[in-house]
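Data block below; observations after.
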Amino acid sequence: MKKCRFLVLLLLAFVGLAACSSQKSSTDSSSSKLNVVATNSIIADITKNIAGDKINLHSIVPVGQDPHKYEPLPEDVKKTSKADLIFYNGINLETGGNAWFTKLVENAQKKENKDYYAVSEGVDVIYLEGQNEKGKEDPHAWLNLENGIIYAQNIAKRLIEKDPDNKATYEKNLKAYIEKLTALDKEAKEKFNNIPEEKKMIVTSEGCPKYFSKAYNVPSAYIWEINTEEEGTPDQIKSLVEKLRKTKVPSLFVESSVDDRPMKTVSKDTNIPIYAKIFTDSIAEKGEDGDSYYSMMKYNLDKISEGLAK
């Protein structure tokens, strides 16, 4: 009986040691990976497409929230402090307005171009209307798929610098991702070439589609220019309504991350319907249409071209 009890205890001890060993192995594997932080869901998704499971990834601004003006949570501060690599958009997105990202990296004692990098480096910057100076840049460069490719290339470059052992994986994933984005970009240009010129205008709440407009030859109009200024004032709405009454624009669009009430007022005053919500500052929730950078852009391109072709 004693011998039997001893064997049972020995077996339990062995199982416990095996479990601890397995847990330790899993922990060691996770801790050996790069700790990477991205400021928003779009940058995080591009990073994930290149890095796969080779990194530990944290995205700061939650899906559906505005990256222009965010208040980091304690978890964001902790992850940023421990990060080996931090990706931010740049072009005055996270550093404009309340400058939340500037404060975050300063408090974490992180250094630019050593610990954190702008993924927009190399993009042909577009400025806010009537402006051409630092601090007046339009940050929404990712809405041009060619810029999305630049983002991906910059992310891959920094991952390889920090983690050369996984260079082959990063380069392979980058190549496949670029091919995917390039094909969608070509498809988009063909779609918008077939829309009559008098219908060709994308109307949104925020004036975020400038890069989109330039890439796909679709003029844009908006209620307010950028989310760090007043949003949806009576004068802003009146100005857009007067502009639209002189056009044959068939559809309006409203972004997923803004209050839709100002655009509903524009729709009522012009009798132009809101065709769809589109994604500009964030991807969609997991499992929904637009829950990755690629699917977000495809969704936008499909909805906008459909709405303007009506």
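Cβ atoms here come from the backbone N, Cα and C positions, even for glycine.
Per Swiss-Prot, signal peptide is recorded for 1-19, and the stated evidence type is sequence analysis.
If you look up Swiss-Prot, you'll see CYS20 marked as S-diacylglycerol cysteine, on the strength of sequence analysis.
Here Swiss-Prot flags CYS20 as N-palmitoyl cysteine.
Within the same chain, residues at least six positions away from HIS68 (Mn(2+) binding site) with a Cβ under 8 Å of its Cβ are LEU93, GLU94, GLY96, GLY97, PRO139, ILE226, ASN227, THR228, ASP281. HIS68 (Mn(2+) binding site) carries neither a helix nor a strand DSSP state and counts as coil. Marked as Mn(2+) binding site by Swiss-Prot: HIS68, HIS140, GLU206, ASP281.
According to its DSSP assignment, GLU206 (Mn(2+) binding site) is in a strand. The number of other Cβ atoms within 10 Å of the Cβ belonging to ASP281 (Mn(2+) binding site), over all protein chains shown, comes to 25.
Under the DSSP three-state reduction, ASP281 (Mn(2+) binding site) is assigned to coil, being neither helix nor strand.
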